[in-house]
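These come from Swiss-Prot:
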- Glu94: active site, proton acceptor (ACT_SITE)
- 100-339: domain 'Radical SAM core' (DOMAIN)
- Cys107-Cys344: disulfide bond (DISULFID)
- Cys114, Cys118, Cys121: [4Fe-4S] cluster binding site (BINDING)
- Gly168, Glu169, Ser200, Ser222, Ile223, His224, Asn301: S-adenosyl-L-methionine binding site (BINDING)
- Cys344: active site, S-methylcysteine intermediate (ACT_SITE)
Amino acid sequence: MSEKKINLLDLDRKAMRALFADLGEKPFRADQLMKWIYHFGVSDFEEMTNINKVLRQKLAARCEIVAPEISSFQKSTDGTIKFAIHVGEGQEVETVYIPEDDRATLCVSSQVGCALECTFCSTAQQGFNRNLTVSEIVGQIWRVSHFLGFAKDTGDRPITNVVMMGMGEPLLNLANVIPAMDIMLDDFGFSLSKRRVTLSTSGVVPALDKLGDALDVALAVSIHAPNDELRDILVPVNKKYPLQEFLAGIRRYIAKSNANRGRVTVEYVMLDHINDSTEQAHELAKLMKDTPCKVNLIPFNPYPGSPYGRSSNSRIDRFSKVLMEYGLTVIVRKTRGDDIDAACGQLAGDIRDRTKRLAKKRMQENQISVTMN
């Protein structure tokens, strides 16, 4: 039985250099290889012309460069593209490309499903199977870059920003997310600015502290409720890490980070008559008074079976004005890709659930019903 080959997309620069040392090669050779992979999108060792033939043969014998395949894609009327990415065992995760005038953002998944059970999110309703590997995370960027047109002659890449806001909670897959983000930031990797790579979390506080010790990237935090009572229902991880504990962790991260320019982005989904009252706006503003932030209000994007509705424009406008009265910077997110179920909270994929999600779902729906009445 032949030995399983090493997928080089699983290795950040430190691990790549360790591999090359094991091959008896100098560190700069590892850097050359990474440049071929991430700057020029090359997966065939024979195309790497500044690497000698003997080393190319060694690499071909022991290693491979394999990204997950695109199973299908849908294009929105606004230019957004949703990709279904095959990750084995008949499962798919979803990745979303969002073009804008001054940037091109890829929304990347970190898990096959999600274990956090946020009640307004389509991904959570699919259950959870496993964490994505490093190669499956960076492979989303690599594969979509090829789809969009990797410029092999110049190294120009079609993706300028990456947001870890796809399927899954990134901080529950820290062992793979950290090296994947290292590759995104590395000069020999995707070479993205730390301000152009954003991680979004619902509040796994110990892992947030570990992230701050390991990396400096932009941070977005999913708050979604102005108090623990409501957040316990909307974002159940709040029962383990309540708001004040989460906010303290956010402030510790800000103190370590340059990428955030002294503040984080607060994400707040607008659910009709659930968390969008004027009183709740005052409550949110007071909650955030000691945490430097800008607030991103996200109109809820419905999905089949959801118990929630989208807040009206007038309610969103009133909520926004209250926050601004407290001196907060407020942005109402423009919905992109909702006609192809690619908008925030709509990603679902194809998941083999390993949790008892469906049994719990009925209990959550009962809680929501009580809150709405």
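Backbone N, Cα and C atoms are what each Cβ position is placed from, and that goes for glycine too.
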>> Just to confirm: which same-chain residues, 6+ apart in sequence, have a Cβ under 8 Å from the Cβ of Ser222 (S-adenosyl-L-methionine binding site)?
In response: Cys118, Ser200, Thr201, Ser202, Gly203, Val235, Glu267
> From the Cα of Cys114 ([4Fe-4S] cluster binding site) across to the Cα of His224 (S-adenosyl-L-methionine binding site), what is the distance in angstrom?
Replying inline: 17
>> Looking only at the domain 'Radical SAM core' (100-339), what is the model's average confidence as pLDDT?
In response: 93
> Which entry in the list of recorded positions, Glu94, Cys107, Gly168, Ser200, His224, has its Cβ near the fewest other Cβ atoms, using 10 Å as the limit?
Replying inline: Ser200
>> Cβ atoms within 10 Å, counted per site: which of Cys114, Cys121 has the most, among these binding-site residues?
In response: Cys114
> In sequence order, which same-chain residues at least six apart have a C-beta under 8 angstroms from Glu169 (S-adenosyl-L-methionine binding site)?
Replying inline: Ser110, Gln111, Cys114, Ala115, Leu116, Thr201, Ser202, Val204, Val237
> Non-local Cβ contacts of Ile223 (S-adenosyl-L-methionine binding site) (under 8 Å, 6 or more apart, same chain)?
Replying inline: Arg231, Leu243, Val266, Glu267, Tyr268, Leu284, Leu287, Met288
> How far is it from the residue listed as 'active site, proton acceptor' to Cys107 (disulfide bond), counting Cα to Cα, in Å?
Replying inline: 9
> Roughly how many angstrom lie between the C-alpha atoms of Gly168 (S-adenosyl-L-methionine binding site) and Cys107 (disulfide bond)?
Replying inline: 12
